[in-house]
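Straight from Swiss-Prot, the features:
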BINDING   SER102, ASP247, ASP249, ASP251  Mg(2+) binding site
MOD_RES   SER102  phosphoserine
ACT_SITE  SER102  active site, phosphoserine intermediate
Amino acid sequence: MARLFGTDGVRGLANVDLTADMALGLAVAAASVLVEPGGNAHPRALVARDPRASGEFLSAAVVAGLASAGVDVLDIGVVPTPALAHLVDTSGADFGVMLSASHNPMPDNGLKIFARGGTKLPDDVEDVVERAYREGGGRRPTGAAVGRVHGGPDVEQDAQDTYVAHLLSTLPGGPGSLKGLHVVVDCANGAASAVSPRVLAEAGARVTTIFAAPDGLNINDGCGSTHLGPVTAAVLAHGADIGLAHDGDADRCLAVDARGNAVDGDQIMAVLTLALRDRGQLTDDTLVATVMSNLGLRLAMQREGVTMVETGVGDRYVLEALNAGGWSIGGEQSGHVVLPAHATTGDGVLTGLHLLARMAETGRSLEDLTGVVQRLPQVLVNVRGVDKSRAGSDAELLGAVADAERELGETGRVLLRPSGTEPLVRVMVEAAHTDHAQGVADRLADVVRKRLAL
């Protein structure tokens, strides 16, 4: 039986892959697993969502499931995923549940669970929750022991206000320190809409906002971090210093410089890593990144005397490594950046704020700051219709990968990775020249199709 939880919670087509019944059942299961025996008579949980339409009935189902299991619920409405994580941490709640499919199209939705302290659940705990869900049962109190539910517009506004105040408190130069910078921010018609433009403005920046009018149907629709065209055009049209683009739940951020060049998570991490180093805040001179980060980032960090630790794909694996090592920064090429001093998970609004802070404190352009990373051409081929479970064990395929690595030498890299959320194998190749990377990737993709055919 396929595992429900992927690399970032449960995700799929709302009302088909993720139904109200499933959301309710997972909520009951989470309550049975995450509430400590003998703890609070009424454990507490926070529930939030992004603005997509299906989030309304799915969050209602989660709230119902939790309350029926004896959990008091604070429904904080539409806020970014990192806002929920922060509020779970600072409020002392037992856990939190977020309804979002991040950058996915509007018809999809997802459910992710945050433990006490605002951290994502480890794989083994997700497995226990999934087992409890499949077995059914769980806590079913009666009378005064059932959970109570609180929510509404005032609760949502208070959650947003608290999150904005927290973000401003992290600003190295304090409120107003971004004065003189003009930023275009694309909120993807998502959860960032009510907070990202506001926090940037309160930090002193001149803000031009696009795609910040969510109606439940337009989230990620031709906008946001997966569609950089609109924010690029707006930066050039307005003569802005920088553009920021969030995804639907604002746990990631990509950028565009004043000349319209895209800035990915690797480049953002490099800028923020060196900022921490220059302030004496980069623990062990170490950056944590995933195996998908461009080799150019590793080479740049080597030149700067920074050690790079690699993890699997997913910001929770980055966070696990950060916590284990006590390090200061980590993230993904996709724009998830984790700053443990200020957040318990990837936070796109925080990332954008600190990127502008670095520009303000140095007086340098984003193009100049990101020049530290010389990205190698990277080619990614998704091979569908294969048995991804054999990708790490087929001898002929592994031999082909080894041959490719020898061919590329120190100026290239090969990564073969089964997708954690889709039935496919990703072949990623980096080389000094695009044609070389494409040729190697195509050859390996052919071997994958041949050797892993169903």
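Here the Cβ of each residue, glycine as well, is placed from N, Cα and C on the backbone.
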**Prompt:** Residues near the Mg(2+) site, SER102, ASP247, ASP249, ASP251 excluded, by Cβ within 8 Å of the Cβ center?
**Reply:** ASP50, PRO80, THR81, SER100, HIS103, GLY190, ALA191, HIS246, GLY248, ALA250, ARG252, GLY348
**Packing count at ASP251 (Mg(2+) binding site) (other Cβ atoms within 10 Å of its Cβ)** = 36
**Complete:** Same chain, |i - j| six or more, Cβ under 8 Å of ASP249 (Mg(2+) binding site); the result in sequence order is ASP50, PRO80, THR81, MET98, SER100, SER102, GLY190, ALA191
**Message:** Given a separation of at least six residues and a C-beta threshold under 8 Å, show me what packs close to ASP247 (Mg(2+) binding site) in the same chain.
**Reply:** SER102, HIS103, ALA188, GLY190, ASN220, GLY224, SER225, THR226, GLY335, GLY348
